[in-house]
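S.K.: Structure below; questions to follow.
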Amino acid sequence: MNHLMFYCRPGFEKDMAAEIQDKAVALECFGFSRVADNCGFVLFECYGEQDAERLARRLPFRELIFARQMLVVIEQLNGLDLKDRITPIVEAVQKMPQFGELRVETADTNEAKELSTFCRKFSVPLRQALRAAGKLTPDVDPRRPVLHLFFLKNDSVWIGYSYPNNNSPFHMGIPRLRFPSDAPSRSTLKLEEAFYMFIPPEDDEIRLCSGLTAVDLGASPGGWTYQLVRRGMMVSAIDNGPMAESLMESGQVKHIMADGFTYRPTKKNPYWLVCDMVEKPARITHLIAQWFREGCCQEAIFNLKLPMKKRYAEVEHNLAVLKEWLAEIDGEYVIQAKQLYHDREEITVHVYDERKLARRRSGAFN
């Protein structure tokens, strides 16, 4: 088979299909998507032989906005004997190189979630059988491809593989984050996931550390402010609404009752700007660009709400506009975007200046 499979948020299949069509054409790999509403995945069938393999290697997974996972399809098995599913699966991968990890997964839908327990239990005997057949390393080996079993029903499975240097490291492409009991709102998980997604661990001590200052636009009740405070930052929380008392008691938060679109810091020393305001994407994009153009921040994470039908087109337009505006400023600006697991009808965008970051990494913090 010459297919790629992409996991995505249910309801965003058409956006995922539009994105992969654009990206594949840019790499001169042509094909078409098979899409079903609210199924949680998209199949992209390539016309050219070996194009699926080429895309899996050349298309940077981190640059895909709507994809939770990307894998090359080996085979689809239907009508599996419920008394012996393992034998045909092992036979299907006999001609493949040895794999370094096994993930037995399903779609992130209410219907498919009923298979979660089965997938977890089935992975144990399947892992043993694959190792006995020499198709899976004794321990997880990050140098080898990951074998994916994607079950639609308990007798129907897609078999595929991904490359560890170009995939999501998470089961089903979903990071497992626990909601902190003292956080003011569940939105806190959006920013925590964004930090995990966009900031490499080796940079935590210079980009997510105490001593930095941050501004949270539209902060109330403080879900995003909470993530900044727990990392030791001093935060200006901008919102006419109330802030959680627990955050105010930390001594790290200054609550400024003002409009998030008109507020600017009196001292242009904030490192972080974060924003989760409910507003049209174009207006948020313009606001973020203004902050960078006025030198009011060095890094930003913000959400673009997507209630419209053509969401991928809206995202691409706003990111292109932001890129144009940032190109007018001295710097080497990087824009990253992802629909995170904890996002809903929205995506999260990260912007930073590579030059300034390089200076921070070298120890020059100005």
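Please read every residue number as a count from 1 along the shown chain.
Every residue, even glycine, has its Cβ placed from backbone N, Cα and C.
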S.K.: The S-adenosyl-L-methionine site in Swiss-Prot includes Ser187, Ser220, Pro221, Gly222, Gly223, Asp239, Asp259. Which of Asp155, Asp203, Asp276 is also listed there?
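M.R.: According to Swiss-Prot, the candidate sharing the S-adenosyl-L-methionine site with Ser187, Ser220, Pro221, Gly222, Gly223, Asp239, Asp259 is Asp276.
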S.K.: In angstrom units, rounded to an integer, how far apart are the Cα atoms of Lys305 (active site, proton acceptor) and Asp239 (S-adenosyl-L-methionine binding site)?
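M.R.: The separation of the Cα atoms works out to 18 Å.
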S.K.: Just counting, how many other CB atoms are there within 10 A of the CB of Asp259 (S-adenosyl-L-methionine binding site)?
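M.R.: Asp259 (S-adenosyl-L-methionine binding site): 11 neighbouring Cβ atoms within 10 Å.
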S.K.: In the structure shown, which of the binding-site residues Pro221, Gly222 has the fewest other Cβ atoms within 10 Å?
M.R.: Pro221
S.K.: Taking DSSP three-state, what's Asp239 (S-adenosyl-L-methionine binding site) in: helix, strand or coil?
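M.R.: DSSP call for Asp239 (S-adenosyl-L-methionine binding site): coil, neither helix nor strand.
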S.K.: For a quick check of packing: other C-beta atoms within 10 Å of the C-beta of Ser220 (S-adenosyl-L-methionine binding site), how many?
M.R.: 19
